Amino acid sequence: QDWSSFQNKHIDYPETSASNPNAYCDLMMQRRNLNPTKCKTRNTFVHASPSEIQQVCGSGGTHYEDNLYDSNESFDLTDCKNVGGTAPSSCKYNGTPGTKRIRIACENNQPVHFELVLS
């Protein structure tokens, strides 16, 4: 995966409005076409600008191991976990908003993979 697909999968800034976190996840997973053949088990959307997230690969992050970096700052985010439904258009999600640090993989100073939300 590359930086542009990372942005499609994981960045929503400013945050898209929805009636509640579950509806937000259902909407965003469909809008970004993230369930083409099966419902993705879990996906996290970060509500920060691409440049802020890109900084985690440099001065805004701490090297963890290999090409993984942990953000120094916490980001507003929504964690989406699949709770059923069918792909591509009716996958159902349980959304949990939060403000947490993230771990991402970087290549050439650009985020290419979302590893996890740090607790």
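Cβ coordinates are placed from backbone N, Cα and C, and glycine is handled just like the others.
Per Swiss-Prot, the disulphide partner of Cys25 among Cys39, Cys57, Cys80 is Cys80. For Cys106, the disulfide partner recorded in Swiss-Prot among Cys39, Cys57 is Cys57. Rounded to a whole value, the Cα-Cα separation of Cys106 (disulfide bond) and His113 (active site, proton donor) is 7 Å. Reported as a whole number, the C-alpha separation between Asn43 (substrate binding site) and Gln1 (pyrrolidone carboxylic acid) equals 15 Å. It is 8 Å from the Cα atom of Cys91 (disulfide bond) to that of Lys40 (substrate binding site).
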